[in-house]
Amino acid sequence: MTNYAIILAAGKGTRMTSDLPKVLHKVSGLTMLEHVFRSVKAISPEKSVTVIGHKSEMVRAVLADQSAFVHQTEQLGTGHAVMMAETQLEGLEGHTLVIAGDTPLITGESLKSLIDFHVNHKNVATILTATAQDPFGYGRIVRNKDGEVIKIVEQKDANEYEQQLKEINTGTYVFDNKRLFEALKCITTNNAQGEYYLTDVVTIFRANKEKVGAYILRDFNESLGVNDRVALATAETVMRQRITQKHMVNGVTFQNPETVYIESDVEIAPDVLIEGNVTLKGRTHIGSGTVLTNGTYIVDSEIGDNCVVTNSMIESSVLAAGVTVGPYAHLRPGTTLDREVHIGNFVEVKGSHIGEKTKAGHLTYIGNAQVGSSVNVGAGTITVNYDGQNKYETVIGDHAFIGSNSTLIAPLEVGDHALTAAGSTISKTVPIDSIAIGRSRQVTKEGYAKRLAHHPSRSK
C-alpha cells in the first residue's frame, strides 16, 4: 500500500517573537522543517505535501522540489490546514501521515513503527500518543473501558476528568487517505477556539464504528512541539545529547560532552578525541585519530586523519593527514593544507594551498598564495595581496626559506630553494636558488645614544 505525507508548516509562530517563520528556526544546524522532512523519508512517501502560509516563499525554498506545496491563506486550525492538501491527495488509495513541521525530535524509526502499527491493526486512523507527566496544554486521549480510543479532547474543551488524563496527542497521525478527506468535509468550528480541529475526524470515525488506534511513543521527548524559545532550547539540548551519544557509540571520545556543540550533518571517524567547548558545524568531516582541543571551532571543513587542532578556527578548508594547527590560528575559506603542514600560533591563512611539510609557525598572514612543499615561513611574514581594488597571488616554490618579518608584495613568485632575508620587502621575482635582500643597510652611530633626552647621562 502506498504512503503519503502532509507536513503542516503554515503557522507564524507568534510566541517565537520572530520575523522568521517558526518552522525555519534551527535545531543543531537544520531547520525544524528539515528535521521533520528527513524523518518523514523513513516511511518512503509516494508524495509529500507541505502546507505553507506565513512567509510561504521562505518555507518553500527550504524543501524546494522535494515536496509539493499548498497554501493556507488563513490559519483556521489543523483540520483546515489538512483540507488544503485535498487537491493533491484526494481519491488516492493509501495511508497518509499528518505531522507538524515544528516537531524536530520525532525520529524516522518512530514514524516507521507508527505506519506499521496502523497497517497491522487495519485502522482507519492511528494517533501517535505519549505519556506526559504534566499534560497541561495538550489534547488528551480518551479511551473507553476496553481501552479503545473514542476521542481526542483539546485542553480548552476538556472537562475535569479529561484534564487528569496523562496520555496526550502528539499531533501526528496516520489515516486511510480516502476516509480522511471524506471525514474532513463533516467537521465544524463548534468548539472553544472556533477552529477546524483535525482531531474531530476521530469522533466521526468512531461514530461510524470504524477502527481508531493509538501508538504510544517510548520517548516522550520525541513529542515535543516547539512554540517558543524555551521549547527551542529544550529541543536543542535533546538533539545535542543524541548527536554526541551517536558519535560516542561510533568510537569518538568526548572529554566533556555537555559543553560541545556538534550539528546534525557533521561526520566524525572513530578514535577522534574532542575536548570541551568544541564547535563543529555544517558539512564537516573529522578523520580518524584527530585531536580537537578546547575552544576549537570548525565549520564546513574536511580534517584528515591524525591531525591536531589546538584552540583554532577553521572555515571551509581542507586539511590532509597529519596537519597541526594552532593554538590561535585562523584558517579562512578556500584554504588547503597538504600532509604534515604546521600552522602555528596567530597565523591566518585564506584562499591558499600549502604544500606538504611546510611550516608557518608564528604571527603570519598567508592570503591568495600557492606555497610549495617543505617551505619555512618565518615569523611575521605577510603576503600583501590587496591593492584596494584587486587581489593578487603569491607563489612560493618548494624548499624556499622565507625569513622572519618578510613582506611579500603580490603578484610575486619566489622560486624553489630561494631565500628571502629577514626584514625584507620583496616586490620582484626571486629566481630559483637565489637570495633576495630587500632592506636598507644598517648604519651604526657610536656614542650617539648619549644625546637622547632619556639617556642616564643626561640626568646628571
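Heads up, the Cβ atoms here are built off N, Cα and C, so glycines get one too.
Small disclaimer: the values here were computed from a predicted structure and weren't measured.
According to Swiss-Prot:
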type     : residues                                                              : note
REGION   : 1-229                                                                 : region 'Pyrophosphorylase'
BINDING  : 8-11, K22, Q72, 77-78, G139, E154, N169, N227, R332, K350, Y365, N376 : UDP-N-acetyl-alpha-D-glucosamine binding site
REGION   : 230-250                                                               : region 'Linker'
REGION   : 251-460                                                               : region 'N-acetyltransferase'
ACT_SITE : H362                                                                  : active site, proton acceptor
BINDING  : A379, N385, Y386, S404, A422, R439                                    : acetyl-CoA binding site
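The average pLDDT computed over the region 'Pyrophosphorylase' (1-229) stands at 95. The binding-site residues near H362 (active site, proton acceptor), taking a 10 angstroms Cα-Cα threshold over the set L8, N169, A379, Y386, are A379.
The local packing around R332 (UDP-N-acetyl-alpha-D-glucosamine binding site), expressed as other Cβ atoms within 10 Å of its Cβ over all shown chains, amounts to 16. All protein chains included, S404 (acetyl-CoA binding site) registers 18 other Cβ atoms within 10 Å of its own Cβ. On its own chain, A422 (acetyl-CoA binding site) has G378, G403, S404, N405, S406 as residues at least 6 apart in sequence with a Cβ closer than 8 Å to its own Cβ. K22 (UDP-N-acetyl-alpha-D-glucosamine binding site) falls within a helical segment according to DSSP.
Applying an 8 A CB threshold to same-chain residues 6+ apart, the list for Y386 (acetyl-CoA binding site) reads G367, Y392. Separating the Cα atoms of G77 (UDP-N-acetyl-alpha-D-glucosamine binding site) and N385 (acetyl-CoA binding site) is a whole-number distance of 59 Å.
The DSSP secondary structure for G139 (UDP-N-acetyl-alpha-D-glucosamine binding site) is coil. Nearest in space to A10 (UDP-N-acetyl-alpha-D-glucosamine binding site), taking C-alpha to C-alpha distance over the binding-site residues A379, N385, R439, is N385.
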